[in-house]
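According to TrEMBL:
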type     : residues : note
TRANSMEM : 19-40    : transmembrane segment
TRANSMEM : 52-79    : transmembrane segment
TRANSMEM : 91-111   : transmembrane segment
TRANSMEM : 123-142  : transmembrane segment
TRANSMEM : 162-187  : transmembrane segment
TRANSMEM : 199-221  : transmembrane segment
Amino acid sequence: AAPCHNHFCPLFQRVAPPFLAVTCAMATLGTAALLVALAKRPQAWQWPQSRALVAQLALGTGLFAALLPALAAGIAWGWHLGTGLCRLTHLLWHWSLFAQALLVASGSWGTSWARWDPQSRRLAVAIWAGALLLATPAALAGGTVAGTGCVRRSVGILSPAYLLHLAFSLCLLLLLPTGLLVATLAVPARRASWQAGGGASWVFFGLWAPYGVALAVEFLLHAQLLEPTCGTFESFDHALGLSEGLGVLHCGLGPPVLLLARLC
């Protein structure tokens with residue numbers, strides 16, 4: 001049989017740097033506008049889009065976007081910053097990602113963010129500390145390849161670090177929003193936050209859910225729990241890359257969506 005050919009890597013190296021650069025610019029402008037709105041009209045940000053919650057979401061998107069220039073440069077010209085900084089980048093990337101997931105979830109269930117008091121401050125510390133802990137396996141599983149590429153998985157698919165990272169990612173990007181959605185539909189009182197505009201922050205889960213599905217399929221393929229074919233080999237990397245690119249857009253689309261939802 002003719003060998004399989006995967007043309008994803010050349011396409012990725014050509015498309016990813018300008019995509020990340022444009023997304024970073026969008027995120028910078030959107031986050032800045034959101035922060036100005038929070039500072040100029042603090043009284044306008046009430047539950048469910050309370051000022052405390054939205055400010056932390058802006059912090060998360062800002063941290064995520066700040067990492068994009070380094071990743072874009074590393075993809076375009078090779079990663080020359082070493083394994084340590086590569087792992088630190090993955091740690092910060094997933095820290096901001098997981099913190100935003102927990103913030104959106106906590107804002108969708110309960111009124112803890114309705115005011116900035118000692119209880120909500122303790123919740124904020126717990127969320128950011130917990131997200132950092134959950135992001136640690138991502139840093140351990142990531143690394144460099146041949147000294148020129150900073151990749152999200154430099155270990156085997158069955159390594160403990162990657163399995164932990166995969167489990168945390170699936171729980172936060174798929175299982176958590178699914179459970180919250182079912183609970184929101186089942187409990188009438190929870191639907192009030194959606195009717196008041198609280199569903200705007202769920203653009204985060206909407207953009208990252210396809211990536212969670214792609215991670216699960218990738219594990220099944222590499223663990224040979226699904227039989228890979230030549231067509232799967234040639235097309236799956238494109239699907240995985242597109243789903244991750246869709247998720248990355250959250251830092252550019254999330255702040256304007258939150259701002260427009262409050263203005264409208």
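Backbone N, Cα and C atoms are what each Cβ position is placed from, and that goes for glycine too.
Since this is a predicted model, take the numbers as computed values, not measurements.
Taking Cβ pairs closer than 8 Å, the transmembrane segment (123-142) reaches residues 52, 56, 86-99, 101-103, 106, 112-113, 150-155, 159, 161-162, 164-165, 168-169, 172 in its own chain, all 6 or more past its ends. In this chain, the transmembrane segment (162-187) does not touch the transmembrane segment (52-79); fewer than three CB pairs sit within less than 8 A of each other, excluding pairs fewer than 6 residues apart.
The list of residues near the transmembrane segment (162-187) in space but at least 6 beyond its ends in sequence, with Cβ under 8 angstroms from a Cβ of it, reads 94, 98, 101-102, 105, 108-109, 134-135, 137-138, 140-141, 153, 155-156, 194, 202, 205, 208-209, 211-213, 215-216, 219.
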